[in-house]
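Here is what Swiss-Prot records for this protein:
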- Asp65: active site, proton acceptor (ACT_SITE)
- Arg10: site 'Important for substrate specificity' (SITE)
- Thr66: site 'Important for substrate specificity' (SITE)
- Gln148: site 'Important for substrate specificity' (SITE)
Amino acid sequence: MIILASSSPRRREILGKFFDIKVYPSEIDERSNARSPKERALDLARKKALAVHSRFPNDTIVAADTIVVLDGEVLGKPKSEREARVMLEKLSGKVHSVITGYCIIHNGKVVGGVEETKVKFRNLSEDLIEWYLSTEEWKDKAGSYGIQGYASIFVEWIQGDYYNVVGLPIKVVVELIKLGFKPRPKR
C-alpha cells in the first residue's frame, strides 16, 4: 500500500491518479535548521516520511514539502489575508522558484530529491489581487497561490514541472517505479 504523508488535497489528487493510496498526514514540527531552501524542503519531506513510516513500516511512504522562493526569501503559507496580499504584491511581475522536496520510503530504502520550477507572474493589479483574496484560494498554500486554480491567470510562463508547482512532481511517481518500488497500479 502507498501512504501519502500529507493532508494536501492536491498531492492526494496527483498521486491518486496513478495508484490506490491511503492518506495519513504527518504531525511534525515544520521548523528546519537547513541552510538553503532546497535543503529545507528535502529535510521537511524526509521528516514527514519518517514520522509516518514509524506507524506503517511495511508500506510505501511518499512525502513532500513545497516552498516558494523569491530573491532568496522563502514565502511560506500565509497566516492571514494581509500576509497573503503582501506575498502576491511581491510576486507580481517577477520570476520566482517553486521548490519541492520529496522523500519515498519502501522496504527500508529511503530515496529523496528536490525539484525546482521557475514561474513568472504577470503584473498583478490591486483589483486582481483583491478579487483573488476574496476567493480564499490563497489559504494553506505556499506563496499564497494555487497555480491549478484561479491563480492560473497570474502566470506569464513556467519553466519546469507544472505538477511540482501544484505540490508533487510527477518525477516522484517515476522515481518510485524506476527504483524498483512495485506498488500496485490503480485499476
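Every residue, even glycine, has its Cβ placed from backbone N, Cα and C.
In terms of Cα spacing, the recorded positions Asp65, Thr66, Gln148 that come within 10 Å of Arg10 (site 'Important for substrate specificity') are Gln148. Thr66 (site 'Important for substrate specificity') sits 15 Å from Gln148 (site 'Important for substrate specificity'), taking the Cα positions as reference. The residue listed as 'active site, proton acceptor' sits 17 Å from Gln148 (site 'Important for substrate specificity'), taking the CA atoms of both as reference points.
Reduced to three states, the DSSP call for Thr66 (site 'Important for substrate specificity') is strand. In the three-state DSSP scheme, Gln148 (site 'Important for substrate specificity') falls into the coil class. Long-range Cβ contacts of Gln148 (site 'Important for substrate specificity') within its own chain (separation 6+, distance under 8 Å): Arg10, Val166. Around Thr66 (site 'Important for substrate specificity'), a 10 Å sphere centred on its CB holds 29 further CB atoms from the protein chains shown. Other Cβ atoms within 10 Å of the Cβ of Arg10 (site 'Important for substrate specificity'), summed over all protein chains shown, number 20. All protein chains shown were included, and the count of other CB atoms within 10 Å of the CB of the residue listed as 'active site, proton acceptor' stands at 26.
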